[in-house]
């Protein structure tokens, strides 16, 4: 019956520019999947991550591929079931690619029920139609053997349906198909394909059901096998314009294979991506990115979207987190809101009634002022204390308004006052008699002050009538210049907000002769001084004469901005405002040149953000440091200009201001690192011409540092701890770039410069020192026609995948790779392990000699396949006996470096 079954190559019909021969693939039509007909379903999916694919030299797998819901103490395995059918049946499973349509994979399944073709089969029925596969392992095929393995699989599948053999033409077709499959196949991801066959009338299992495909299974040793996870963000909301800087902590990611995706889960399907470069990914565990703008600039209320991490190549995503876009704040400083307030009419300040008097009171005599209800509102700063409530005090106590009662033109004498007040004496006696002499004395003093104030106001009004100069009125009312409205704005604030230049000049003149009042530096409820508002509203002339009368430019608003910071954010008017500040001669101006805002940006950085070479010149000519570093990441003005791709600013900084092209950030990145990482050929060329160091290394090791020893011995406590960071080479601009044009520029520049001194080998393991003969032999092995790109797989295993595209077009990719590994401080054991895992035992024999065999580190521990813990090779050997030792030595000897 076995010979009656033909698994075929389901799904391997076409891929891009190649097609399989339909005469080779002849699958039978599956039974229709209907509500009444039989069909196959997956009951338990396989676990996607944490399972390691095994090479042949490693021996059989242990534990088996677990199920998706498997836990400690309750293990599950991939399970399928035939529904709507009872009777004998056969269920088989093989490996297919992770891309659609599924195609046969070069890897094979191994286990008790698996054949040489990598197909595992079990029988089910007639009652229980469920099949559980509890002993599946994945045999990893190396790239070197991949071509031969694929040809063998295709040949055997073809011969099962036609035993007479293949012609030469068919053999060539199979080889071409295998070659094309190799180009598109990912060796780190597989899927299980379950196929069910029912018994036919002749007794053979030849009636196929529709196959079902499992979810992808990732090799735990592959760089992209770890789950993506967002651990923390410092911001969950930002402006609809985008550009907000967010710090995101995450599980391990690869800087060249990660992006931050913003999206909406609705019918519109909007998505955008965070803006960051490879240098913004810190140690693979943190990303600093800038939010993208929302697709609608005008929103009335906050909008919540989602963000997630996404791998560029595999398409894997993390769990989504929420992010809120809030509406655009056009009037952050509230200037427009205050301008929209209704202007007062002439009669409003007088409390109603006739504009010559308030309330029901008549005209006051002498200098007593207006009577009636709200007349006291004219003197809020002078009436700090009064022993009487408004309108309740004795009318004869002081000359002035109150209560709406009409008053005499002169202060009455005591006798006439007593005689006149006699008819109403009973009603006033209870109020006056309890007053102590001290209170009466204070009331008299208060009345005297009011009388003097009225006299001064009257004199000012008379002077105004003669001169028509409003300053005469303001001088008499100068004590009222400190009055504030509900927003904390003084008359000077309001005059600046409304652009009343003549009023501002008049108030400033009075302020100049009344410095003791401190009006010029009073702040409103937003911590804005008049100078802040003059800068915000772009009134350069007002800025100048405010500074002349003592305005302090060093005072900060609620955002931590001084007048200079605000001037540099003023857009087109920034140069004139900045010039007015710098030429004022204020003592605080030199201090402002070296004062950061609350975001850690100095004026030179804000000038770059403003894209203004003129402002940069003004600042540097006044004493600002062009090499000043902002406090968040240590970037200079040249770093910021490079990030913004501002060719004009970069040219200006380098040629005129002589900015240091090799200045480093806190992470050791130069402007050339940023230009290369962002893929800017023009800026890269400019920086190289200006003398940028092509060999400059940042602080992130190209190869990861080895794990500290976990031994309990006392050896690791002897002597001082060594700093291994200096023993490893960091990333150069060439390591960071993904742009072909930038790579060409950097490679050409590297050929014209001297190589940097070799980095000493790491003290953590035997250093790699390749002789010319060994290097040539390895180049022949890895670059030969039979190698089929083995050097690229070696780069990935050595943690140097970022160099694959860089060295692909060189005459000897493997030679360049090995020299980089040697310069990076790579050790011999790591290279031996990588070659052994790839099945390149000849390379192992080339490197291993009598002098190096004894220097290899002791056998390391390897992870258990099912990801429930780990057991050492020695423990596995006790259970299974000694595994077959491959020629050339151990398959495991050193922890595999992780890929950046």
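Note that Cβ sites are derived from N, Cα and C of the backbone, with glycine treated the same way.
Small disclaimer: the values here were computed from a predicted structure and weren't measured.
Swiss-Prot lists 849-866 with the feature compositional bias 'Basic and acidic residues'.
Look at Swiss-Prot and you will find 888-900 tagged as compositional bias 'Low complexity'.
Residues or ranges marked as domain 'RHD' by Swiss-Prot on the basis of sequence analysis: 38-343.
Taken from Swiss-Prot, the feature domain 'Death' applies to 764-851.
Look at Swiss-Prot and you will find 23 (among others) tagged as phosphoserine.
Residues annotated as phosphoserine in Swiss-Prot: 161 (among others).
Annotated phosphoserine per Swiss-Prot: 713 (among others), in sequence order, evidence recorded as experimental evidence.
Residues annotated as phosphoserine in Swiss-Prot: 715 (among others).
Sequence annotations record features per position, and here Swiss-Prot assigns phosphoserine to 717 (among others) based on experimental evidence.
DSSP assigns residue 812 (phosphoserine) to coil in the three-state reduction, outside any helix or strand. As annotated by Swiss-Prot, phosphoserine applies to 812 (among others).
Swiss-Prot lists 866 (among others) with the feature phosphoserine.
The phosphoserine feature in Swiss-Prot is assigned to 870 (among others); the stated evidence is experimental evidence.
Per Swiss-Prot, repeat 'ANK 3' is recorded for 559-591. Sequence-distant contacts of the repeat 'ANK 3' (559-591) (same chain, six or more residues past either end, CB-CB distance under 8 Å): 531-532, 535-536, 538, 540, 543-544, 547-548, 551-553, 597-599, 603, 606-607, 609-610, 612, 614-615, 618-619, 622-623.
Across the repeat 'ANK 5' (633-663), the prediction's mean pLDDT works out to 94. Annotated repeat 'ANK 5' per Swiss-Prot: 633-663, in sequence order.
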Apart from its near flanks, which chain residues at least 6 from the ends of the repeat 'ANK 5' (633-663) lie with a Cβ under 8 angstroms of it?
277, 288, 604-605, 607-609, 611, 613, 616-617, 620, 626-627, 669-672, 674-675, 678, 680, 682-683, 686-687, 690-693, 696
What count of other C-beta atoms do you get within 10 angstroms of the C-beta of residue 812 (phosphoserine), across all chains shown?
18
